[in-house]
Amino acid sequence: MSDVLVDIQNLSFSRGDRPIYRDMNMQVIRGKVTAIMGPSGIGKTTLLRLIGGQLKPDSGKIVFDGLNIPTLSRAELYQARKKMSMLFQSGALFTEMSVFDNVAFPLREHTRLPEALIRLVVLMKLESVGLRGARDLMPAELSGGMARRAALARAIALDPELIMYDEPFAGQDPISMGVIVRLIRELNNALGLTSVVVSHDVTEVMSIADYVYVVADKTVIGQGTPEQLRADPSPLVQQFLKGEADGAVPFHYKAAAYEDELMELTK
Amino acid sequence: MIANKLQLIGQQALNSVSGFGRAGLMLFGAIVGKPNIRKGLPLLIKQLYVIGVLSLMIILVSGLFIGMVLALQGYTVLVKFGAEGMLGPLVSLSLLRELGPVVTALLFAGRAGSALTAEIGLMKATEQLSGMEMMAVDPLRRIIAPRFWAGVIAMPLLALIFNAVGILGGHLVGVEWLGVDAGSYWSAMQANVDLYQDVLNGVIKSMVFALIVIWIALHKGFDAIPTSEGISRATTQTVVTASLAVLGFDFVLTALMFGG
């Protein structure tokens, strides 16, 4: 069994005429927490959808557990997806089902376990995210942080090999942020998962990741362990890590010269 | 200038053709393949309740009133010729051939179609459909298929109920109120309504309309731009497109069935 669970080779992808990635390479090591950071709007979520096979790249390979995702047939892709799961930014809980039924959903769809056993598994998964007591609530009754934890319980219901987190820290208060940081690390170690975290929250990511990729400008601009990254000489990486407003990434969106535009008004 | 206009027309034509293609692919993915009775049946029953049973009220009330109005209007004309005995066939044939299937389809598009579009559009906007796909559950089979079949099954039944209630409404006004002879109301109806020519053709119409309305509603929801504006536009489009399509197809079907 290879050490690399997800191997992205020379990936190129574009939306319409707009290129998103060009010749990108990236590897996710089994059992580790790999983080992908970068400014918003550069297609980090797109990358997760590419790994999940919801989008097809223009060229390049995305190898998951020995299978090249873009070339799989529909049935093979659905088989591969049973071994991965994704935590969406919104949680994507099914609004017409209770928390319990949400977590039971993948089990009921993919296994023929008796209801008593499903109950046991669901309670275990909910216990691990601290929501066993909230099992009868509807998603609308949960706070944002709780919804994300419930979605996390659902994501680990089938014991996947890979779990992908899409902006798990976005819009969370400091306490639920801390809870989620702890959960990602603990679940990764306790369940032997491999985690991919897509985020732009530098502090949180640097505190849990084993390996970090910084993506900008359609490709990987920096990578390494958090320590290596802090010592990275690239100005773009440094600007991103320190959160400076202006630098290699300009503060201003591309525009005509300021003076010219102002003068036009007075004409 | 003219070139731009032409380009715009061409673009719109291309968009609508590719829309048809996507709608076809959606339906194909949803209903072609081995059905899973164990999982599918409970989903279908739930949708039959949501789409069919919950639409009953509006169908019952509209059917009753349309039957009553038909009898009232028909009576005022027929009585001039002393032909009020033909009120039964007038009411029943209008309902069975035209008003039953068409009005049911229009009401169904407004009541169930718009709800379906909004529901599926919101599922898309909140990433529930993507989430399902990532859990290796095909949303076409899990979400679209049961709603499609429920609509196709429910609407002809609703149209039949609409007809029955309409005929009773006609009886209420014609016989009970205006004093047409009950015996002639029913016996003239019995003599003039043909099971195949009238009842069955009406059911066939209703099945075609069901297919059109439910397909449009599901496709508009599935294809909606996942923003609040996109969903509101998709919902409006469902009602408008489905209503126009029903009226257009009604003419074609009527021409084929009764045109000679």
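Start at 1 and count along the chain as shown; that gives each residue its number.
Cβ coordinates come from backbone N, Cα and C, glycine included.
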Listed range which TrEMBL flags as transmembrane segment, given the options B:20-37, B:92-109: B:20-37
Tertiary contacts of the transmembrane segment (B:49-79) (same chain, 6+ residues out, Cβ under 8 Å): 86-87, 90-91, 94-95, 99-100, 103-104, 107-108, 111-112, 116, 147, 150-151, 153-155, 157-158, 161-174, 178, 180
Proximity verdict for the transmembrane segment (B:20-37) and the transmembrane segment (B:199-218), three or more C-beta pairs under 8 Å: yes
Long-range neighbours of the transmembrane segment (B:199-218), counting only residues six or more past its ends (CB under 8 A): 23, 26-27, 30, 96-97, 100-102, 104-105, 108-109, 112-114, 116-117, 120, 144, 147-148, 151-152, 154-156, 159-160, 163, 193, 238, 241-242, 245-246, 249-250, 253, 257-258
Beyond the flanks of the transmembrane segment (B:144-168) by at least 6 residues, Cβ under 8 Å: 26-27, 29-31, 40, 43-44, 46-48, 50-52, 55-56, 59-60, 62-64, 66-67, 70, 91-92, 95-96, 99-101, 103-105, 108, 112, 116, 120, 189, 202-203, 206-207, 209-211, 213-215, 217-218, 222
